[in-house]
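As recorded in TrEMBL, the features of this protein are as follows:
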{"type": "ACT_SITE", "residues": "125", "note": "active site, pros-phosphohistidine intermediate"}
{"type": "BINDING", "residues": "19, 67, 95, 101, 112, 122", "note": "ATP binding site"}
{"type": "DOMAIN", "residues": "11-144", "note": "domain 'Nucleoside diphosphate kinase-like'"}
Ligand code: IDP
């Protein structure tokens, strides 16, 4: 059963992005070090600049939010690093490493809590559910699905 404890824990995959602010600040190695130190494993990694259509699809659930246009500008505004990461409960594990969406509220020891101050420029993305992970991995790395 997915998420069960012990030897039967099912391996999951999640999509992680080091967003353009993280790449511009030279934090790609820091993010990868933290997730590898946790025990998560890289399955795919690529530096790319997102076309607007892909960004709008990726953040489709936020289409009606006031920050959506600014979010799309930001995420397409420079190269990002897209990663597929694998491990037991990888989705929840990476969300815990990333910390809360608002870096000021994210706990110390988390990527956002240690390294960021602004809610939009919060360094990383991690899928928030198995359904989102499948959709996002399909969008970024169709060959993996
Ligand atoms: P998450 O990245 O922690 O899953 P979401 O609520 O899904 O958070 O928001 C997606 C991204 O949109 C955030 O990581 C952040 O970059 C941006 N964002 C969320 N809320 C705001 C806001 O109120 N103002 C500006 N940007 C925001």
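Backbone N, Cα and C define each Cβ position, glycine as well.
Structure with TrEMBL features highlighted.
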residue: 19; record: ATP binding site; Cβ contacts under 8 Å, 6 or more apart: 74, 75, 80, 121, 122, 123, 124, 125
residue: 67; record: ATP binding site; Cβ contacts under 8 Å, 6 or more apart: 120
residue: 95; record: ATP binding site; Cβ contacts under 8 Å, 6 or more apart: 126, 128
residue: 101; record: ATP binding site; Cβ contacts under 8 Å, 6 or more apart: 112, 119, 122
Annotated recorded positions 19, 67, 95, 112, 122, 125, filtered by Cβ under 6 Å to ligand 1: 67, 122, 125
Protein Cβ atoms within 10 Å of residue 125 (active site, pros-phosphohistidine intermediate), excluding its own: 22
Secondary structure content, the domain 'Nucleoside diphosphate kinase-like' (11-144) (per DSSP, counts of residues): 63 helix, 28 strand, 43 coil
For residue 122 (ATP binding site), the number of other Cβ atoms found within 10 Å of its own Cβ: 23
